[in-house]
Amino acid sequence: QLRRQARERREYLQRRAREQQQQRQRERRESLRRALDENRLLPTELRHEALALQKELEFDFEAPAGTGDSQDDEYRWAGLEPPKVMVTTSRDPSSRLRLFAKELCLLLPGARRMNRGRAELGALVGACRAAGVTDLLVLHETRGRPDGLTVSHLPHGPTAHFTLSGAVLRQEVGGLGGAPLAAPHLLLLRLDSTLGKRVGTILKHLFPVPRPDSRRVVTFANEDDVILVRNHVYRRRGRTVELEEVGPRFQLRPYLIRLGTLEQGDAADVEWRWHPYTATAPKRRLLSAT
């Protein structure tokens, strides 16, 4: 089992390195093509290999639509089977964090909650991998207030770290009936940048494919790089539609994405990291294209 996991991880890294090299080569060819079309001087870094790149342009063609890369390789077969999600917490959780973990399982259809106990991360991830779990969610807290969420996709990654704020439990929303258990339709709003699509891919594959007649909607709405998570059910009243929030309600903000699993820690490659103290002129929007 360990040898097979090491081999699959090695093949994944080799495939990713080869795709990155091909992407850099495509960018150099495109830069040469633009220089030739606009009849201007070649870029300095391309002058030594311009003739070889020009020969490659004769056989260059557009990649077919829908061609994925190794970053999305772990989600290639998503949707064929429902995801198996495991939710756990940090050690010695408070009563509020345990209740929030229980309600997070209601938000994610089919998710199961596991008591952390004294289990180490390596043993925790190994047990989930052996049981066929596709995603491991770990909730963190500070003084009884949920403030962190880690989503680790198994068996090889990626692992996304979020800060969690504004957690409102179902009973605090008020006026609720039973918890809806149907698979929801998903709304991903303003997650249209490269990073936003990557975060949206990680979040949406926590949910199974819904039935067309499902009356439940889960929304991930980006507002100033903060993802608002809302859970609603709707009912048709003649020509009108009534929307009712059923909770829980919270906000997410990504700050780190690693290509490995959770137990690898700093040994995994960093795909993206939030740099809050970078001096920029206008405020950048990371999750949306505008």
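Cβ atoms are placed via backbone N, Cα and C, with glycine included.
Here is what TrEMBL says about this protein:
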- 1-32: region 'Disordered' (REGION)
- 8-32: compositional bias 'Basic and acidic residues' (COMPBIAS)
- 83-263: domain 'Brix' (DOMAIN)
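Across all of the domain 'Brix' (83-263), the predicted model scores a mean pLDDT of 91. For the compositional bias 'Basic and acidic residues' (8-32), residue counts in helix, strand and coil come to 25 helix, 0 strand, 0 coil, using DSSP.
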